[in-house]
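Participant: My questions will all concern the structure given below.
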Amino acid sequence: MELTKFLGFLAMVLPIAYGAPTSAATSLHPKILAAMKRDFGLDAEAATKRVAFEHRSADVVESLKGSAGFAGAWISEDGTTLKVGVTDEALVADVTSAGATPVILANPLSKLEEAKAALDAIDIEAPARRDEASASSGIASYFVDVAANKLVIESLAGSTATAESLAKEVGLAAGEFEVRTVASMPSTFATVLGGDAYLINRAARCSIGFSVTTGFVSAGHCGSAGDTATTSAGASLGTFSGSVFPGSADMSYIRTVSGTTLRGYIDGYGRGDLPVSGSTASAVGASICRSGSTTGVFCGTVGALGATVNYSEGRVTGLTRTSVCAEAGDSGGSFYSGAQAQGVTSGGSGDCTSGGTTYFQPVNKILSTYGLTLVRA
């Protein structure tokens, strides 16, 4: 599939990039607008325009995937420009005329994704890879940074040599990967507390992700198939029908008991409920918000797609990396862009006082795996 085949589509979509918002974006909930003002410094008009542009850009990026010469795409930090990485200079003029900003890159996205897949197949926690004084390899996560055009491996300061060795093991040259140090290993955001949201086996607390027609979805590390889900008051919600964690996902599906009211909204924490109207995935660089039973609503941006995270319980592949903060008990909660469902909170590092990195499980994989349908507002 050639990249040039999509330029007509780009030309239709992008010249109106920061013009009038779409009808879906004009109805951003006041709670979302307030969070975007706090976290991005945007007034209502600017926030609405940004989200509208990001939704249009997501359609463009989806159409470009798998195209020859495509090296990735991302939205600029100010949220006004879609940048398209290409490996062929002959495509620069065409991308420019279509309204996007071309960036010449050395590595096609497919090459970096293949290297990441090869890394996923390696047992990075094998004893030979561990420091004698450590219980783990010190590899926190790895993902393709499309703007940097490299596979990024995050590790503890004492494990950089292991990270470099892994990169070379999957065939990457010096200019094709980058090792970044982190202060701590990521962890999931479940907690053993009573309170709001829902309880697993009347003990651990997590947050509901999204309602589906037969129940709701959440994170896999919150519970296993057969575990019970109840309200904080002890009323039965249902039973975990399916759960995956660790491995290829961090997702669960809870089938609710008869009589449970399932609504297509997200908890707005005292300021009204936030509607859900679909599940179009956002691009790298797009703004994104999260709701959780511990911290409420916080926003940030999408940093990478398809990330692999090395939790103490094991690796999880296919997660989306964000700059949104989260804390214990927020696990399973909703990630969304405007009224578009994005995923459920998995884990990360940091907190909502000092800031942090949070990963989420994309919701569309949960829906397709279990054959579910979102309840829409």
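Each residue, glycine too, has its Cβ placed from N, Cα and C.
Straight from TrEMBL, here's the annotation block:
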- His221: active site, charge relay system (ACT_SITE)
- Asp250: active site, charge relay system (ACT_SITE)
- Ser331: active site, charge relay system (ACT_SITE)
- Cys206-Cys222: disulfide bond (DISULFID)
- Cys289-Cys299: disulfide bond (DISULFID)
- Cys325-Cys352: disulfide bond (DISULFID)
- 108-173: domain 'Peptidase S1A alpha-lytic prodomain' (DOMAIN)
- 216-367: domain 'Peptidase S1' (DOMAIN)
- 1-19: signal peptide (SIGNAL)
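Situate these features within the shown structure.
Facilitator: Cβ neighbour count for His221 (active site, charge relay system) (all protein chains, 10 Å cutoff from its Cβ): 28.
In this structure, Asp250 (active site, charge relay system) belongs to neither helix nor strand by DSSP; it is coil.
All protein chains included, Ser331 (active site, charge relay system) registers 31 other Cβ atoms within 10 Å of its own Cβ.
For Cys299 (disulfide bond), applying a Cβ distance below 8 Å and a minimum sequence separation of six or more within one chain yields Ile32, Ala35, Met36, Arg38, Asp39, Phe40, Ser287, Ile288, Cys289, Arg290, Val324.
Cβ-based neighbour count (10 Å, all protein chains) for Cys325 (disulfide bond) stands at 24.
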Participant: Taking only the active-site residues His221, Asp250, Ser331, which one has a CA atom nearest to the CA atom of Cys325 (disulfide bond)?
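Facilitator: Among His221, Asp250, Ser331, Ser331.
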Participant: Around the Cβ of Cys289 (disulfide bond), how many other Cβ atoms lie within 10 Å? Please give the count over every shown protein chain.
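Facilitator: Here the count is 25.
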Participant: Minimum Cβ neighbour count within 10 Å among the disulfide-bonded residues Cys206, Cys222, Cys352: which residue?
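Facilitator: Checked Cys206, Cys222, Cys352; of these disulfide-bonded residues, fewest Cβ neighbours within 10 Å: Cys352.
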Participant: In sequence order, which same-chain residues at least six apart have a C-beta under 8 angstroms from Asp250 (active site, charge relay system)?
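Facilitator: Same-chain residues close to Asp250 (active site, charge relay system) (Cβ under 8 Å, separated by 6 or more) are Thr188, Ala219, Gly220, His221, Val244, Val316, Leu319, Val344, Ser346, Gly347, Gln361.
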Participant: Near Ser331 (active site, charge relay system) in space, meaning Cα within 10 angstroms, which of the disulfide-bonded residues do we find among Cys206, Cys222, Cys352?
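Facilitator: Near Ser331 (active site, charge relay system) by Cα: Cys206, Cys222.
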